Every structure is written in structure tokens, then in C-alpha cells.
């Protein structure tokens, strides 16, 4: 009735009177944000879609501009000075400062964070990897350098060029590991970096980034190291880590995580050491083996996916990826690589003998 031309806007005074007369149970902070958005447009009108976004705890780019222009104060929750928080809220505050580079985003995340849905993806992947490792360790009675056991490479989960027609292996290899040391490294990084990223950016974005790194890893190995098998979730782990580290570097001044330079150096040293170890096992194995040892190219492919696609995802906190031209360019590039890799696996092995 108040918008007969179906424009999606009504006057802010009309909306305020409706709220007052009907005693609508709206969050006062969200109501203030909506008024600030109305003051930010030329006609001073309330947008229906912005109302829907606020009620569903989503922000639009116009909301970020309204706050950036100083037209409204953020919710009064002060992260650094607030005392008496429970353990979980303190952890949420830690995650906000660890992941987000902008104070506005940190305060908004701390204000609107809910425990549901929990960050289940990274926890489920890590738990599955541990269970699979324990099952094979007990079955083979071997906990380090498991790939040297003749029965290990016969697993239906391992990627092997001789079994590339079984397409599930291009993903399921992430549940298998060389030994206890590789599993420990991957599980630690997945929980320390993957879980906070999932808490902030959501299960869909982080699971997509992780699986994109895993798939890119196996396909890259099938192109560049055509005789080598592949085990371990390093492609996904390096996609997460490189995306996070690149985001920290790109927003260095705004990041408030403590000892960020020391932590950056330690992370790079650990990741480089893991790659060096993988190269050593590939070309100079400590024990005689019946065939090539697992490739290290998945690490590098995951890092490339993280720096390119992952950085775009992490820089778009609560903003729609579909509206960004760069996202579609990266998605098209990734899709082109997948298509090329599929045709390579179908024709190149036979042509090259």
C-alpha cells in the first residue's frame, strides 16, 4: 500500500511511524543501521532488500559504505575493552582479530556471530583423515612411511595414474597420508587455520576453497608428474594457508593478530620444510621402493589456488562473490584448467606411452 509503484523503497519517516505504531520487535541496533542506510541515499528512503538483509544478518556493499562514511556508529560491543566474557565469546573475539583485517568487520562479526551452524567441515575432514590413518596403521602395523608398504598403494582411496579412470581417487586421496608426521602437520594446520576461516567465512566458501585445492593438486600431478601416485590433503591445506597468509600480507596494517611477523615467518618455514621433505621423499627415498613415491606438486597447486581464488574469497567478507568480475575471471580460469586436465588424462597418457 505504501509502495504502489513497486519501487522497493518507502520514506524513512513512514517506516519509523510504522515501527512505532505496530511495536515491531526489531533489534534497535539493526533499526539504527537501516536508518543510516536511508540517510545515505539521495531520497532518504528505506530499501526493502536492505531491510531483509539486516534481519537475516547479511550486509550489503551500501551498508559498508554507510558505515565507512561515518553515518552510523557500529554496535557498542568493544572487543578489546570488554571484560567478563565467557570462554567461547573470547574465542570468537580471538578469531575476529586473527582473520579479519578491518575493525568495522571485526566488530560486526563479533556482534552478529551465532553458534549455529558450527564449523563442521574442517573438523569432519580432519576426523575422517585420522580414522582412516588409524585403520591403515593398525592393519599394516606401520605408522611412518606407510607408502613403502606394498599393500598401501592398493587402497581404493589413493590417487594413482594407473587407476585415473576411477575419478573419485582425484578427491579421496586427501584421506590418505604418508605417515604420522604428514598427518600431524596437515591436521594441525586444518584446525588452527581452517576452523577460524570457516567460522568467519562460512562452510560453503571454505569447503569450496579446500576441495578446489585438493582437486587442483591431483590434476596437476596427473599433468606434471605422470608416473607418481599421490596421498595426503596437502593441496587443500596449502590452499587455505596460502590464502590466509596472502590476506594477512595484503592487509598488513589492519591485521591486529599478535606477533604477526613472527608467525608469518614460522608458517613459511614450516610450509617450505614440508615441501622440501616431500621433494626429498619423491626423488631420494630413504628406502628402496617398488615404484615412484608420492608427488609434491599438490602442495604447489594448492598454494596457487589459495593465492588466486582464495584471496578473492577471504577479501569478500559477507559480500556477494557473484557481483565481482574478478571472481568470474578466476572461476573461468579454474574451469579451463579442469577441462584441459580432464582431456589430458583421457588422451595424453596413451599418446605419450
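We count from 1, first residue shown onward.
Here the Cβ of each residue, glycine as well, is placed from N, Cα and C on the backbone.
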Per TrEMBL record, range annotated transmembrane segment [choices 120-139, 140-159] = 120-139
TrEMBL lists transmembrane segment for one of the ranges 82-103, 170-191; which is that range?
-> 170-191
Looking at the active-site residues 234, 299, the one with the fewest other Cβ atoms inside 10 Å is 299
Ranked first among 120-139, 203-223, 261-283, 295-314, 326-347 for CB pairs under 8 angstroms with the transmembrane segment (170-191) = 120-139
Could you put numbers on the helix, strand and coil content of the domain 'Peptidase S54 rhomboid' (166-315), residue by residue per DSSP?
-> 110 helix, 1 strand, 39 coil
Using C-alpha atoms only, work out the spacing between residue 234 (active site, nucleophile) and residue 299 (active site) and round it to an integer in Å.
-> 6
Do any residues of this chain, six or more beyond the ends of the transmembrane segment (120-139), have a C-beta under 8 angstroms from a C-beta of it, and if so which?
-> 146, 152, 155, 157, 174-177, 180, 183, 186-187, 190-191, 194-195, 198, 203, 206-207, 210, 233, 236
Determine which recorded stretch among 203-223, 295-314, 326-347 has the most C-beta pairs below 8 angstroms with the transmembrane segment (261-283).
-> 295-314
